[in-house]
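Asks: Sharing the record's features from Swiss-Prot:
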- 12-32: transmembrane segment (TRANSMEM)
- 81-101: transmembrane segment (TRANSMEM)
- 114-134: transmembrane segment (TRANSMEM)
- 154-174: transmembrane segment (TRANSMEM)
- 187-207: transmembrane segment (TRANSMEM)
- 238-258: transmembrane segment (TRANSMEM)
- 270-290: transmembrane segment (TRANSMEM)
- 307-327: transmembrane segment (TRANSMEM)
Amino acid sequence: MTWFTPDVIDAIIAVVKAIVVLLAVVVCGALLSFVERRLLGWWQDRYGPNRVGPFGMFQIAADMLKMFFKEDWTPPFADKVIFTLAPVVAMSALLIAFAVIPITPTWGVADLNIGLLFFFAMAGLSVYAVLFAGWSSNNKFALLGSLRASAQTVSYEVFMGLALMGIVVQVGSFNMRDIVEYQAQNLWFIIPQFFGFCTFFIAGVAVTHRHPFDQPEAEQELADGYHIEYAGMKWGMFFVGEYIGIILISALLVTLFFGGWHGPFDILPSLAFFWFALKTAFFIMLFILLRASIPRPRYDQVMDFSWKFCLPLTLINLLVTAAIVLLNTPAGSVQ
């Protein structure tokens with residue numbers, strides 16, 4: 001009797017896929033810190049990292065050495081258990097969310113029928129990590145930063161979910177692969193769901209706390225916000241987690257609005273991973289370009305923009321989409 005039954009083999013393959021995907025995401029997140037500094041230097045007419053290795057290519061190695069060997073100090077006035085748990089929860093929630101992203105027709109960690117709901121569950125979990133970090137630090141700037149972050153995240157996640165309901169109404173499924181295949185047979189959702197794309201992208205920038213929505217970390221006001229007391233690997237987990245969030249939102253934009261692994265007009269379908277990676281890289285560069293070109297607004301302007309502009313626009317988009325779907329549905333087929 002062998003242990004390698006078909007079920008065991010399937011489980012081993014699933015574990016290997018999960019490890020490969022998660023390691024690739026972590027490595028890409030670490031590399032993005034170097035890529036961002038080089039691109040910002042290029043766009044701002046300066047050099048950027050150029051001291052460690054040829055063209056500064058080994059800067060990431062220097063950053064990692066510093067992160068690994070810097071003292072992992074915990075303030076004596078902090079709640080040590082929650083203080084340590086916060087960065088672990090933050091990074092774990094982002095990594096687990098990648099489980100529902102279909103990279104190619106055959107590569108993906110999990111094919112869940114509730115893929116979109118699973119993503120929002122993990123996105124909501126990351127809010128607790130930020131609150132844990134701010135409260136457990138026992139620092140007024142950290143607490144204010146965490147309160148800003150949680151309020152901003154909750155505000156933008158409201159219409160972030162509604163922005164995708166138009167897609168769900170058209171496809172009739174929360175499954176990511178079903179959404180990709182629907183786009184392969186019809187138009188990419190960037191065309192019929194353009195306003196949903198705009199609001200989801202704005203919400204994605206806000207949820208990842210990226211410029212211009214980096215209010216929770218505003219250096220001029222909050223001295224780096226909720227991770228002011230963190231150092232060493234704990235700070236590194238927050239730092240790399242921010243770039244992992246960028247990759248996650250970019251991959252979701254590609255999957256939900258730009259046909260996933262399909263190329264334009266289904267050109268070269270055998271290059272599924274290439275198309276997915278190329279489109280994801282484009283949105284990652286767009287995240288970085290926003291940081292280089294747009295000033296940071298006031299916090300009240302950020303919140304007003306969410307509730308007074310984005311939410312009504314998302315509701316209108318959902319109502320119009322639902323009306324069109326109902327009008328195009330044959331009589332008697334609506335259940």
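Cβ coordinates come from backbone N, Cα and C, glycine included.
Values in this document were obtained by computation on a predicted structure and should not be read as measured data.
How buried are the listed features, and what sits near them?
Replies: Residues 60, 63-64, 95, 98-99, 103, 107-110, 240-241, 243-244, 246-247, 284 of the same chain, all 6+ positions outside the transmembrane segment (12-32), place their C-beta atoms under 8 angstroms from a C-beta of that stretch.
Away from its own ends, the transmembrane segment (154-174) comes close to residues 113-117, 120, 123-124, 127, 182, 189, 192-193, 196-197, 199-200, 202-204, 206-207, 213, 256, 303, 306-307, 310-311, 313-315, 317-318, 321-322, 325 of its chain (Cβ-Cβ under 8 Å, at least six residues beyond either end).
Here the transmembrane segment (187-207) has Cβ contacts under 8 Å with residues 123, 152-153, 155-157, 159-160, 162-164, 166-167, 170, 179, 213, 245, 249, 252-253, 256-259, 287, 290, 302, 306, 310, 313-314, 316-318, 321 of the same chain, all six or more residues outside its ends.
Sequence-distant contacts of the transmembrane segment (270-290) (same chain, at least 6 residues past either end, Cβ-Cβ under 8 Å): 32, 35-36, 39-40, 43, 103-105, 107, 205, 208, 210-212, 246-247, 249-251, 253-254, 258-263.
Remote same-chain partners of the transmembrane segment (307-327), defined as residues 6 or more beyond its termini with a Cβ less than 8 Å from a stretch Cβ, comprise 155-156, 158-159, 162-163, 165-166, 169-170, 192-193, 195-196, 198-199, 202-203, 334.
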Asks: What same-chain residues lie close to the transmembrane segment (81-101): Cβ under 8 Å, and 6 or more beyond its ends?
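Replies: Tertiary neighbours of the transmembrane segment (81-101) are 18, 21-22, 25-26, 74-75, 108-110, 112, 115-116, 118-119, 122-123, 125-126, 128-130, 132-133, 135-137, 176, 227, 229-230, 234-235, 237-238, 240-241, 244-245, 248, 251-252, 255.
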